[in-house]
Amino acid sequence: MSTEKHVDSDVQVQEDGDERLPEVNWTADEETKAKRKLDFIIMPILTLGFFCLQLDRGNMANAITDNFMADVGIDQDQFNVGQQMLSLGIVLTEIPSNMILYRVGPGKWLTLQLFLFGIVSTFQAFQRGYGAFIATRFLLGITESGFIPGGLWTLSTWYTRDETAKRVMIFYFGNQIGQASAKLLAYGILHMRGVGGQPGWFWLFALMGAFTILGGFVYGLFLPDSFQRPRSTFLPQVTWFTERELYILQTRVLRDDPMKGKKKRKIGLGAFKRTFIDWRVWVHFLITLCNNGPQRAFDTYAPSIVTSFGFGRLVSNALAAVGLFLQVPVSFAFSWISDRFNLRGETVVVGVFCHLLGYIFNRIFTQVQLRGVRYFGVVWTQTFGTFSHPLNIAWLSLTCKDSEQRALAMAGVIMNANIAGIYGAQIFRSDDKPLYQRGFTVAIAVLSVGLVLAVSRWADDFLHRRRKVRALE
């Protein structure tokens, strides 16, 4: 920690052909230490925020195993509409939220968001009736909007392009561990039914919301805005990096991508045009749209599906966490391969294919009576259902030409993830339970389209690289 006066880190430059690149005047050991410090400050904080968000967003899947719908006074189809309202709230305010973040800085904006959606999540404990349910889900969506792309954009400003995929995956570990932990925590918390005369789901919302508010204080104390403003919101006189460390960290980023040094105070119309007329960007959006709808639907109903196999309703929450914990090492392995061998498209294609295979298993297993076999389908789907999304995001980030386009693309891809949540909320309906044969068939069809898109985008990337190699020969 340092309290020394910060000087604008305008890096020195040297002539390098027609471009002026920042000068390298540090040792490899200095860079390693600075980067390690960055990893220990930025990555845990951002990952904690995603963990909190997933606790608050995903605890509804656990609540419905504790008689939530009957207690509140809604049916399954009304519940699905509420899930759609959550996604709609995010979609409507995703880009405005990121424009605010781009202007005021992530330290302030992400901190405020954690407080806001933590408060909304806590007060979900008091909801009664369909109107209150719809309103709280929509409000939760508004307060959460922009947090994920904001975190992704923040990562891209602190790290080089080659380091992006692994850090994006680590960031998404917060989501994945949050998904898994929420179900294990729910197993314990839902046993509190009757404490204080309240149902178990009351304590689920209250305790997880309070934890998120605590996370907001962590953000306010430790998350810096940028190289130019390396201080947190609550401690404006303290910087966690020395001047030398900031110089090294910023210079290495600018040498990797000089456009990151040309950030403007606000995003202009030209950036919107560059981003949204690029067909490759739209392919990444559509891959997300196809992958995340089935995944969001399955995550919501996984505990209930496991219950239909004959397991107890609270035990089902714990069993529904197994595949989510398995996805963490699997995700890390795919991220390492993506970074180590620069296999961006290949890892996304394999991820989408494995996700698709999970729904094929589940559809086939509806005809099987052995609950162990059917449970295998659930575990497989959860293990391979999520990681292609952050890999797709990292792949998209590397195609962006400047920080403005990157900020908009990150907002756009997360917006599509939440549009996917709107249609995904209706995949598993009351007239299709408990086997959900129609739901699994719909998921197979949607993911098949996503797989075709991923393969097409990979082929385009492959041909583009081959043309560049030939041009240099």
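One-based numbering along the chain as shown.
Using the three backbone atoms N, Cα and C, a Cβ is placed for every residue, glycine included.
Those TrEMBL annotations? Automatic predictions, nothing curated.
Summarising the annotation, TrEMBL assigns domain 'Major facilitator superfamily (MFS) profile' to 42-473.
Under the heading region 'Disordered', TrEMBL lists 1-21.
As annotated by TrEMBL, transmembrane segment applies to 109-126 (among others). If you look at the transmembrane segment (109-126), the same-chain residues 6 or more away from its ends with a CB under 8 A from one of its CBs are 49, 52-53, 56, 59, 97, 100-101, 136, 139-140, 143-144, 146-147, 150-151, 154, 198, 201-206, 208-213, 215-216, 219-220, 223, 233.
Positions annotated as transmembrane segment by TrEMBL: 138-158 (among others).
Annotated transmembrane segment per TrEMBL: 170-189 (among others), in sequence order.
Using a Cβ-Cβ cut-off under 8 Å and counting only residues 6 or more beyond its ends in the same chain, the transmembrane segment (201-222) has close neighbours at 41, 45, 48-49, 51-53, 55-56, 59, 62-63, 66-68, 71, 107, 110-112, 114-115, 117-126, 182, 185-186, 189-190, 192, 195, 232-235, 240. If you look up TrEMBL, you'll see 201-222 (among others) marked as transmembrane segment.
Under the heading transmembrane segment, TrEMBL lists 318-337 (among others). Same-chain residues lying 6+ beyond the ends of the transmembrane segment (318-337) with a Cβ under 8 Å from its Cβ atoms: 61, 165-166, 168-170, 172-173, 176-177, 179-181, 183-184, 187, 302-303, 306, 311, 343, 347, 350-351, 375, 378-387, 390-391.
Under the heading transmembrane segment, TrEMBL lists 343-361 (among others).
Annotation source TrEMBL lists transmembrane segment at 407-428 (among others).
The transmembrane segment feature in TrEMBL is assigned to 440-459 (among others).
Scored on C-beta pairs under 8 angstroms, the neighbour of the transmembrane segment (343-361) with the top count among 138-158, 170-189, 407-428, 440-459 is 440-459.
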